[in-house]
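> Questions regarding the structure given below will be posed in turn.
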Amino acid sequence: EEDSTSSFVCLLKKMKEMRQMEKVVEETEEAFTERMEALAEHWRDLHARRAQLKAHVVTSGTTVKENERLRTQALKKAKEEKVENSKKESELLRARRELESLKKKHQKLSKKLLKYSLFKRYLEEVVENSQFRDIDDVITYYKALVRTRKDLLQSQWWHRQLLEQGKVLQQQIRAEKEAEMLQCKNDLVQLQESLEQAQRDICQWEERWAKAQDRAARKALELKSLHMAIHSLFQ
């Protein structure tokens with residue numbers, strides 16, 4: 001399917017290049033024809049000027065000096081025209097070479113177009129047996145599918161990236177929570193140890209408090225006995 005798609009794309013490109021090349025060939029042939037016509041017109045003008053110059057020299061009866069001046073001007077003009085004609089011939093030769101190159105490219109494209117004509121017939125059959133109006137609709141639909149596939153692949157790639165980032169973030173959060181839970185367990189152990197120590201201290205202080213209350217009771221009893229003895233002695 002990928003080979004067929006590539007062949008189909010190549011066919012479309014070659015058809016487009018073929019049309020462009022035919023247009024360039026037509027424009028080049030028109031330019032070549034215009035150049036040939038302009039060059040022929042220029043040669044006709046040159047011959048007409050030379051004929052006029054000869055007639056003028058014969059009929060004017062000018063002096064030898066004037067004839068020499070006219071001859072010098074004519075030679076100069078002929079030299080300039082020769083240089084100009086040489087330039088035009090070079091341009092014409094270059095145009096012919098370009099035309100030959102374009103013709104060769106045209107032949108290559110024609111061969112390739114003949115090679116891919118099978119796909120053209122296939123597309124025509126697709127148009128006949130589908131809802132598409134012409135081959136351009138098929139091309140437009142194909143390009144839309146390619147863009148959609150590209151967007152889908154891009155979306156899937158971003159989805160995988162987000163999933164991977166989510167996994168990494170989840171692992172980081174899990175590690176942080178585990179560290180917090182370990183710290184909480186350590187704090188809880190310390191608090192339990194502190195509670196046990198406090199309970200032991202309370203027991204000790206309760207024993208001391210009981211001893212202190214018992215001692216205070218004995219002292220109070222002794223004080224009461226002493227008070228009664230003093231009262232008896234006073235009586």
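Numbers here mean position along the shown chain, with the first residue as 1.
Cβ coordinates are placed from backbone N, Cα and C, and glycine is handled just like the others.
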> Looking at the ranges 139-173, 174-208, which is given as coiled coil in TrEMBL?
174-208
> Let's see if you can do this one: DSSP helix, strand and coil counts over the domain 'DUF4200' (11-128), in that order.
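Helix, strand, coil within the domain 'DUF4200' (11-128): 114 helix, 0 strand, 4 coil.
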